Structure formats: structure tokens, C-alpha cells
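Got a structure for you, questions after.
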Amino acid sequence: MVNQKLLLVFLPLLLAVSLRADDDVFEDDLDESSQTSDEKEQYKPAMFVAPKLTDGSNPNFFDYFPVGSKIGQTWIKSLAKKDDVDSDIAKYNGEWSIGPPTKVSIEGDLGLVVKTKARHHAIAAKLDTPFVFGSDNFVVQYDVKFEEGQECGGGYLKLLSEGAEKDLANFQDKTPYTVMFGPDKCGATGQVHLIFRYKNPVNGSISEYHAKQPSNIGTSYWDDHNTHLFTLIVKPTGDFAVNVDGKSLFYGNMLSDVSPALTPPKEIFDVTDLKPEDWDEREQIEDESAVKPDDWDENEPQSVVDESATKPYDWNEEESELIPDPEAQKPQDWDEEMDGSWEAPLIDNPACKGLSGCGTWKPPTIKNPKYKGKWVRPKIANPAFKGKWSPRLIDNPNYFEPKPFAGLAPITAVGIELWTMSENILFDNILIASSENDAADIAKQTFYVKQQEEYQLAVASGSNNGIFQQIIDATNEKPWLWAVYVLCVLLPIIAIGVFCFGKPTKPVPNFAKKTDAYSADDDDKVPNLVDDDEEGNVEDDDENQPGPSGSNDQPLVQEEEDEDAADQQESNSKTASSTSSAAEEDDDEDEHVVHENEPMQPTEEVAKKSPKVTGGAKRRTARRGD
């Protein structure tokens, strides 16, 4: 019962956890379920409302691609060529356009669209004001939609370093950038890049530092064909946070959560230090004093023919193990001049079925007991061993203690440079600023409105993902939900099984040990063996019997002797092997006769309470201990 109560308490808790974890996946399921197929109406796209910045907001860059935008105005298509690749694919000849998505959910909402696949694409725009890393936060936000999904390709932004704005038409993969951020996928795995290019203040070198990725982010951002919002926030302390659709994907700090580590090692190996010529790194060497034993024969084969083997009695040497397939036919298009002479494929010989084998019999081989292989000298410890050599450590001349924003170059332009195997990738609402509030406000005016309208369009067209697909998408992002789902399925089954098929525990009967000693409870255990008519006679006879209810008191010693004699007589009667049927009848009669000196249990109250025995039953009494 306790286990059943625990199940009833634990099951609602698990269901609550599952629902709470998936609120982002199923938040609109109620509206969907309430709208039946008969109630669906023709979807009408909403009218686009241009987002407005709050008073006092001054982002470094914001483009929502208003109606009338054209390539070549703000966004400049690259005319450059990639280095170190074939000329056929070196050009950035991918096509761009500013237009609506293929399925319009908001009339007049445009974006920057990748129109071709299997090509290099590059395009860039100059910031309204450069972003200089100082005491302000660095915020990047944009939404992207992979209308055709994504097989292999990116959807990330490059925040270009100071100087790139001077020649956007030559923007390419080697153009310096300060931060790269956004989704990238190839095959079954995807990631959201966050790469910093940091300058060493000592030697001036610039290196890339990659933020550590979560173990599994799934592929729904690329495969569900919906718009997704990507937000990056970097603070002067080095703390960064990457959010997708307003929810945290991963976070960390530039000083501890990037690879390689931003802080260089204090000591490094001296590249000028050389290993001495007499330095011996061998731990063991061959024993030169060892000699091959005289009985070591290297020519002995590893296996020999088993001379004791005999051919099985049913071995058929006249039949071949394989024969040409008699049912095979030469293909009609077989050309013997080009394909050669046709031969039927070989199959197992049916005449050999059930036999030990067919064809020429050869005795098997066994391991040669004399085989020892090639002799080699044993190894011994090297007396000249000095250990593994390594260069000495010296102070790192390029060591510095980094300050997160100190080594990041100012950003003056934003670019998109990618190779993709999918087309119709739409970028929209690109924001670069220092205010998290601006990013949240723009997302509220653009992405969340678009997300709702896309959902309504999917419901109206019947192309929205079902609940099972949403469950799978949720587990791709949060694999631990599989455990919750399994428990939510198993626990109700277990609970139903317990309630429906569980059986109460039966009490174990208490069998008291049989004994000849008299107890007060024996009165209730004496069976009713007399009729009501004989009750009076029984009472009279009981008065003349020795025992607790009789008036004829006998010594205790005499009573014990009588009991022992009766037990001995009963034992002898059971072990006798030659007892006749007549003797058995006499024994039965003796059981019904009250002996003169036999002690009796009180039977008056028992006889009075017992029902009458039908028929003329003989007078019977029970002996104590039976």
C-alpha cells in the first residue's frame, strides 16, 4: 500500500517536470488541438509593422530590410576570389537578393536571401558607427531561416575588424574579423560558432580562440524550416552568453572557456636546446651475451599434417564439392566477345549433402609441437638509460595576463561569407549594439511576432510538426528528456499493474506444536462427538472418570503410567506388519470405548454448544493429546 501511494505521488511530479521542460515545444499545442479541421480558415498573412527603436537607443548597426532595399546600397556583394583553390570554384559567384521567404507569413517582411547552392557566397555592410571594445557590452542579434533545411553549410556572421570597411567588394575568407558568431552544420552534427580573434600585446600576433560547444545541440535549428533567433552578449569582464530563440544555449568566460586558453603559459620549452649525442633513451636493450640454444630449429613449420587422421567412411571422392548451377541461364545481353565465355555459377553439390565431404580427401594439419619460431635475443635493462629527454623550460617571452576586451580589434563592418549546399537561407533583423534591452525590444517586435505567424501558417496549411516530432526535436536539444519520457510511460503501466493485478499478502498460519500437556485452551478444541440424547449419559459417565471433571481422583504417577502404556500400545500397533483385518476392527472399536482408568477432558460445555449429530451416532469421546 505504501508503494502504491509513493507511485501516486511520484508520477505527477515527473509529469510536471516533463511539461515544464518542454514548455517551449508544446506551448501552442492547446490552441492547435482546439482548432479542428472543420474550423480551419484560409490563412491571411499579417501586415508587416516596422520595428522602432526606443528613445535614446543608438545601435551601431540595425537592418530589418525595409521595402525598397536593394543589393548594392547597404549590402555590397563581394567580387573577390578565394586563394589556394581551383579557379572553377574560386569565385564568390553565389547570388543574393532582398525579398520575402517562399512561404509568406507576414506581408511586406523582407530579408537578405541566399538564392543559390553549391557556391561561395560573400556580402558585407558597413556599420553606422564602429564598435570599440571598452566598458560597454557587445551585443549581436539576428534571425535566420533555413527554408530548405541545411545539408552542409553555415549561417553565421563575421564581425569584421577595423579596415575591412574600406574595400567591402574584396571581402573574402581571409578578411580579418574580430568575432565570428552563428550556426553551422554539415551532416548530422551542428554547432553555433563563437570565435574570438585576440591580439597578443607582446608580440602582436593574432590567434583564434573558440568557445567550448555543448555536447549536443541537435539539428532542429536547421531542419525544422522555421525562423530562429541567435543572440550573443559579451561583457567587459569576459563573460559571454549565447541564446537561441531567447533561451540559453551555452555561456562561459573568455579567460576560462575558450580553446586554446587565452592566457599563454608562463614557461615554454627552449627551442634552442638540443639533446646531447650520448643521451640514451632506450629503457631496454638486447642481451648481447645470449646464445641461441642448440636444439632451437628455426626451420620447423608452424603446422604439420596430422598423421593419425583417417578419411571419414562417408567421404565421397568421386563427387565434386561444387557443381555448375543447372538452372542458371546465360543473360540475354551477354556478349562473349566483350564479356568472355559465359560459365554457370557454382553451387553446393546436392549429392554431398549429409556427407562429411566430397572431392579429394586430405588429412588436416595440426600445430607443430616442435615449432619455436625465429630466435631473438632477450632484452635486459639498459645500464646507460637516462630517461626521456625534453628541452629545458624557460620563461615565455610572449607571456601576458589578458584583459578580455583589450585584445579585440574594433568592429567596423559585418559580413556573411559561407559555402552552402542549400538555397533560400534568409537573414533578417541584424542588430549590433551595446544594449541588451535594445536586443530584447527588437526581438519582441520582430522575431516573436514572426514565430507566431509562422506557426499559424503551418497550422493552416497542415504542415506543422506533430506532437511526436516535437518530442523528438525537444530530446535533440535536451537528451535527458528521454529518461523523463520513459519514466512517464513506465510508471503508469507499473501503477496500473499494481492496482489491477497486485494480491494482498496472505497471513501465515501459526501451527502450534502438538503436546500432551494440558492447557486451558484445550476446552475449545475438543470436538463434539456425542448426540444431544446421550449428553446426559456422558455427564454421568464423566463423573465416574478420573481427571479434572471426575470425582474419582487418581494419583498423578498412576495417570502418567497409564498414558505411557497407552502410547506404547499405539506405537506397537502401528509398527506391526502382520496385523489382520479383524484386529484392525478391534482397534477401531477400542478407539470408541472409554477406558476405565483413562483421563478425560471436560466435555460438558462442548457437548452443550455443539449441534446435534443426525442419526444414532455412538457415544464418542476424545482422548487428550489426539
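These residue numbers are counts, starting from 1, taken along the chain as shown.
From the backbone N, Cα and C atoms, a Cβ is placed for every residue, glycine too.
Any TrEMBL annotation is an automated prediction that lacks curation.
From TrEMBL, here are the annotated features:
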type	residues	note
COMPBIAS	278-288	compositional bias 'Acidic residues'
COMPBIAS	315-324	compositional bias 'Acidic residues'
COMPBIAS	519-544	compositional bias 'Acidic residues'
COMPBIAS	546-555	compositional bias 'Polar residues'
COMPBIAS	558-567	compositional bias 'Acidic residues'
COMPBIAS	568-582	compositional bias 'Low complexity'
COMPBIAS	617-626	compositional bias 'Basic residues'
DISULFID	C152-C186	disulfide bond
REGION	272-337	region 'Disordered'
REGION	511-626	region 'Disordered'
SIGNAL	1-21	signal peptide
TRANSMEM	480-501	transmembrane segment
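In terms of burial and nearby residues, how do these features look in this structure?
Within the chain carrying the compositional bias 'Acidic residues' (278-288), a Cβ under 8 angstroms from the stretch's Cβ atoms is held by residues 376-382, 384-389, all 6 or more beyond its ends.
Residue counts for the compositional bias 'Acidic residues' (315-324) under DSSP, split into helix (H, G, I), strand (E, B) and coil, are 0 helix, 4 strand, 6 coil.
Proximity of C152 (disulfide bond) to non-local residues of its own chain (separation of 6 or more, Cβ distance below 8 Å) is seen for K185, C186, G187, T420, M421, given in sequence order.
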Count the other Cβ atoms sitting within 10 Å of the Cβ of C186 (disulfide bond), across every protein chain shown.
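Within a 10 Å radius of the Cβ of C186 (disulfide bond) lie 15 other Cβ atoms.
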Quick check on the compositional bias 'Acidic residues' (278-288): DSSP residue counts for helix, strand, coil, in that order please.
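Result for the compositional bias 'Acidic residues' (278-288), in helix, strand, coil order: 0 helix, 3 strand, 8 coil.
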